[in-house]
Amino acid sequence: MTVLPKTLLLLGSGELGKEITIAAQRLGCHVIACDRYSGAPAMQVADQAEVLDMNNSEALTAIIRHHQPDVVIPEIEALAVNALAELENEGITVIPTARATAITMNRDRIRDLASAELALLTPKFAYAGSAEELKHAAEPLGWPVVVKPVMSSSGKGQSVVSNPEGLRQAWQAAMAGSRGNSPRVIVEEFLHFDLEITLLTIRQEDGSTLFCEPIGHEQIGGDYQCSWQPAELSTEQLKQAQSMALTITKNLGGVGLFGVEFFLCGNEVIFSELSPRPHDTGLVTLISQNLSEFELHLRAVLNLPIPTIQTADAAASRVILAKDNLSSISYKGVEKALSEIDTQILLFGKPNARPGRRMGVALAKGKSMEAVRSKADRAAASIQVIKG
């Protein structure tokens, strides 16, 4: 039996962490939000906040031992995972597990698990530890290729390369966008896919697994721009995606929600990536489902029941991006964005802006997917991020 409240320590306090915090507080929980800078979105609604370098093992260990939370919930990839493993051995619960957090923060480890150990279908790929190695690794894959740092987030350091002459620049971009100390890239064949999807997969304490309706999404440079739910898949495609998601999340273990990404290429379903936490493309669930991905994550973490997941006929999201470098922020056009029925705006509360930074998201639902995607696009386009 679950006894509430619980104390949750959140590692990473961005927009996803903010929604996790709100969902946790609705269940009476006490939330400590941690990040590398003060005033991060989740800190604005958390009970307590801590600013630290979460890649520093000593600092991370000290904060967790000081607060003695019931649960540690990583919300970002860049963490001192060796410290999490040590703390887990001491009896502190890490969601989903310290091992899962370590594997999924590195593209090479999650790809090796998926491809070599679990025999899931993935894009053809190779690794390179230098610009020279990258030339030899890319050639057999054919052109174009996609080059990514083994450690990065939100598409940072990712590029599409059409010929050998572009590889050195791609290597430099990958190193500039890399997190951590790994001078290594993954180079993949470029897939001419029909659709990218995220399958939100929920592992529960009793060992059962639930799935949300698939979410279609579009990215630019590896960074989410819009998403919609439910995405249109054939029965066989959905069966394949669920089977692969079940296989890899079972291997990673633990409880909570996982965002499992796939490419759809004709009849093939190809594994792409996995996040062991709520996913940015899943922000659409704040309007599309009776229980958002954040509420589902918390219910699984706290061993609370999930009787049913209901999904709207059609729902969509579109990100709101900054265009300028701004040290203080205001927003124009909110009243226009909210003038249409079944439309919502989330402004994340980030303290500053830079070109291309995600500052909010527009959400819409209705009966027709084409109509709701257009409605979300209009709402997002109405918002201007201006100097405060």
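Cβ coordinates are placed from backbone N, Cα and C, and glycine is handled just like the others.
According to Swiss-Prot, GLU15, LEU16, ASP280, LYS350, ARG357, ARG358 bind N(1)-(5-phospho-beta-D-ribosyl)glycinamide; the candidate from GLU75, GLU77, GLU232, GLU236 that the record adds to this site is GLU75. The average pLDDT computed for the domain 'ATP-grasp' (112-302) is 95.
Taking the Cβ of LYS350 (N(1)-(5-phospho-beta-D-ribosyl)glycinamide binding site) as reference, residues of its chain lying under 8 Å away and at least six apart in sequence are, in sequence order, GLU15, ALA40, PRO41, ILE329, ARG357, MET359. Checking each of the binding-site residues ARG107, GLY157, GLU188, GLU196 against GLU273 (Mg(2+) binding site) by C-alpha distance, the shortest gap belongs to ARG107. Take the Cα of ARG358 (N(1)-(5-phospho-beta-D-ribosyl)glycinamide binding site) and measure to each of the binding-site residues ARG107, SER153, GLY157, GLU188: the nearest one is SER153.
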